[in-house]
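Visitor: Feature table excerpt (Swiss-Prot):
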BINDING   Gly8, Lys9, Gly10, Gly11, Val12, Gly13, Lys14, Thr15  ATP binding site
Amino acid sequence: MRVFFFGGKGGVGKTTASSAFAVKLSEQGKKVLLLSTDPAHSLSDVFNTELQGETKLSENLTVKEIDLNEELKEYRSRVFKLAEATLRKETLRELEGIIHSLEESPGIEDVVIFEALSKEVVYRENEYDYIVVDTAPTGHTLGLLKTVRNLGNFLEEIVKLKEKVYELKKLSGKSVHEEALEYLKERKERFKKFSEIIYDKSYFFAVLTPEKLPFEETKRLVNSLKHYGIRVKALIINKVLPENPQDEFLKARKEVEKKFLKEIENYFMDIEKISIPYQKEEVVGYEKLKEFSKFLPLG
């Protein structure tokens, strides 16, 4: 099993590219799970289908949009369940206020998405040949990478917490809450396995358009991916204009585009580049995605 991540600036077509890639793999007879961590839930739009939870779109393709709100509720419930096994009621009330504050703090989305994505990838590794992940815009993707990178410290804290649970229960004379301890153990092993998959079985497609802002954001993204040791499979340069447009406006746009195509080529010399022409029509629906997928490589 391999995992392919698609990321980039909002509006460059990463959801279209990731969906078309998943369709292409599934049409080759591979079992594919397409996941979206983007709160915008764009998969429903691109497939022109109302996705309810997990949806099987063909014999080989399953699609799921991770619901951040639902995952946050489950995450909160788990934390309280663990806390109930170790803390007094007065402390629990204080903890409840702290958790509600944390839900609105920066970075909580990255933690919750990491939790949800780790379950999908680790638990279902043997069900699929490929898992394709349509990520949220670049900032969220980098937050996820930082979470993976800091995994060692996080796991160490979990182990310490487990030891404290034992000590608290011994002091109070109560029996250890097995469910809480099992949850800590499961989480530790799952995060470790997810980290291994990210570094050993994952590849990243960076999607951009030949313009200044997407180019600059892609530079930051690719440099961060290299810093974290994640392999960049290719750059997908989307919405490339025809070579010799007749319209004066398009001619001017083409000159700007040529400049950034050259900059992309020079800056990312060691990375494969895939150029996709600007499409005449919106790429919406399974058949359109299948047609669009001819521009993309196989896994």
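Any Cβ shown, glycine's included, is placed from N, Cα and C.
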Visitor: Among the binding-site residues Lys9, Lys14, which residue has the largest number of other Cβ atoms within 10 Å of its own Cβ?
Guide: Lys14
Visitor: Can you check which residues sit near Val12 (ATP binding site), meaning Cβ under 8 Å from its Cβ, same chain, 6 or more apart in sequence, and list them in order?
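Guide: Residues satisfying the criterion: Val207, Leu208, Thr209, Pro214, Asn238, Lys239.
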Visitor: Please work out which residue of Gly8, Gly10 has the most C-beta neighbours within 10 angstroms of its C-beta, and give that one of the binding-site residues.
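Guide: Counting every other Cβ within 10 Å of each candidate, the maximum falls on Gly8.
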Visitor: Can you check which residue among the binding-site residues Gly11, Gly13 has the largest number of Cβ atoms within 10 Å of its own?
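Guide: When each Cβ's neighbours within 10 Å are tallied, Gly13 leads.
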Visitor: Measure the Cβ-based neighbour count of Thr15 (ATP binding site), defined as the other Cβ atoms within 10 Å of its Cβ.
Guide: 25
Visitor: Quick one: what's DSSP say for Thr15 (ATP binding site), helix, strand or coil?
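Guide: Reduced to three states, the DSSP call for Thr15 (ATP binding site) is helix.
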Visitor: Name the secondary structure element type, per DSSP in three states, that contains Gly8 (ATP binding site).
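Guide: DSSP call for Gly8 (ATP binding site): strand.
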Visitor: Quick check: which same-chain residues outside Gly8, Lys9, Gly10, Gly11, Val12, Gly13, Lys14, Thr15 lie with their CB within 8 A of the centre of the ATP site CB atoms?
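Guide: These residues sit around the ATP site: Pro137, Val207, Leu208, Thr209, Pro214, Asn238.
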